[in-house]
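**Student:** Please read through the structure below; I'll follow up with questions.
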Amino acid sequence: MQKADRSVWELRRIWLVGFLLLPFLLLAGGWLGFNHAREQALQQADERLTLYASSFEGAINRYDYLPWLIAQTPDVRRLLDQRAPELIERVNEFLLETRNTSLADEVYLMDAEGLTLVSSNFRTAESFVGNNYRFRPYFTDAIRTGRGEFFAIGTTTGLPGYFLSQEVFSLNDQQRGVAVVKVDLEPLQADWQSAAEKVFVSDTNHIIVLSSHPEWKYRYLEPLTDQQLDDLERNRQFDGITLSPLGSHNDAALLHMPVSDTESERFLNRSLELSRPGWRIHYLVPLEPLYRFAALTTGVVLILYILCLTAVLWMRERSRRAHAALQAEQRLRNLNDTLEDQVIERTAELEKRTSELQRIQRELVQSEKLAALGIMAAGLSHELNQPLTAVRTYAASGRKLLARGLIDQVDTALDKIMTLTSRMSDITSQLKVFVRQAPIQKQPVDWAARIDFVLDMLEHRITQQQVRIDTKIPAQALIRGDDARIEQILVNLIGNALDAVAQQSEPQVTIRLSDQNHGWCLQVEDNGPGFAKEQIKHLFEPFYSTKNVGQGMGLGLFICYGLVQDLGGNIRAEIPDEGGARFVVWLPGSDEKATAA
Ligand code: ADP
């Protein structure tokens, strides 16, 4: 598979896994969020329930003692025996005072038939006095067991209350009655309402008797049985109230309750059993905020998931790029290695070719030398042929003159022979350089001293030609070379200059030596006829000569060129502005002290 295809496939796989995982993650996020919020809300509900239950219990229990206390009061007990008007009035006052002090709703006393004898509200229009409450369970229970308690809506006042009762005996224990304290629980609801919480208390029949929501009051959560309806009818617990069902539920933990005329809401039902048998206090946890929290968690999970997915894709992209960069670097390195190998290979090849070329050049030089030797041999035989013929002629004529006894003329002939042999010696001396093939001994040579030496050597010729020699030479000019080669160069250049000025009326040769570019530069200039510009390129060629046959072989400058090359310098010919000829030679300098004399 191609790398690009694999990368695309991997990317698709990430996206696919990402999309498949998403619903599960969202569900898990929502579920976790919901459960967390639910746990928190239920924990809070339990705390509130405990608090409200204890305040509910407290609201009743604080009056627990009161019926008993009233039952112990002598005037109350006496009243059961003799119902004298002043006693009635006194007990009425006592009950009113007791009610005001204890903050109970009402306090009253019934006889054994359930008739109210005295009551703390005796002065009000809703006075209980004269009313019979024998149908109330708190009366029957007190007569039966000595104590009773019951929640009911007052048949006289229409106000709900919790009734606590205690059996009372007359002083002589002949008569019985029931002391009752009615406790108002309505203020509890105000606390719940102000806390904006949904709290209610249900009784044994699952009828809501107290509620933070007034519309839920006196409505039942479970359908009432006929028995229950009969009992309610009999004890007139909810006198004047039409009981109706409230909400719906599949299980007791989840209630569907109306919150307004048209709307209803679902609540988690948390309840706690109260000390009154069958009574429970309920705290409702609305589900809506829990769902909202779950939605929020789902949103957060979605965002986190998108971020994670983006991070994964980003990291993947980064590692892909790093990998690509690494590969590119590797490719570059390989390329570099290949190039280096090629360079080494080519260099080796080049070196091989160079050495081959050098070998060929050497062979060429050798063959050129051989060719030159041939030419030279021809030139030499040509040059020597003429003087040799002349020598032979002079010798033959000398022999004849000697036979005739003409000694003077023989001497002249011998002179001529000597002149001719000396010229032949000159010709052959030029060839000596070709014989010298010894390697150059590069040692410090004082060029200035060599000039003086050569000028001394040519002194006779200079004087004879009456040439003015103008020199500008430093005391010492050290170069690297050997005496013989330097002298050969000087002899050729100065000799050529002397040849050139031979026909001049005021012959002059100028010799200058100056330091230049880590070496020394020699200029040999003369005021002779010079040479044409186009001649310059031929001057250093072998056997190039403009001199008459027998006067020059055209090897002097060619030899000079070779010697200067051997010493690592250079030579050139120039035409000075004022006419004549100038030869310039540069040779590398030497810092060592000259050893040559
Ligand atoms: P030769 O002196 O035997 O001719 P050279 O190689 O020394 O050989 O010189 C070659 C030629 O260069 C000379 O024939 C001459 O024409 C020219 N030449 C050399 N030196 C001078 C000079 N100083 N002035 C003019 N021409 C020169």
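Positions of Cβ are set from backbone N, Cα and C atoms, glycine also.
TrEMBL entries are annotated by machine, without manual review.
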**Student:** For the coiled coil entry in TrEMBL, name the matching range from 325-370, 509-554.
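**Tutor:** Checking TrEMBL against the ranges 325-370, 509-554, the coiled coil one is 325-370.
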**Student:** In terms of Cβ proximity under 8 Å, which residues at least six beyond the ends of the transmembrane segment (12-34) contact it?
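**Tutor:** Here the qualifying positions are 290-291, 293-298, 300-302, 305, 309, 312-313, 316.
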**Student:** Looking only at residues six or more beyond either end of the transmembrane segment (290-314), which have a C-beta under 8 A from one in the stretch?
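**Tutor:** That would be 11, 14, 18, 21-22, 25-26, 28-34, 36-38, 41, 268.
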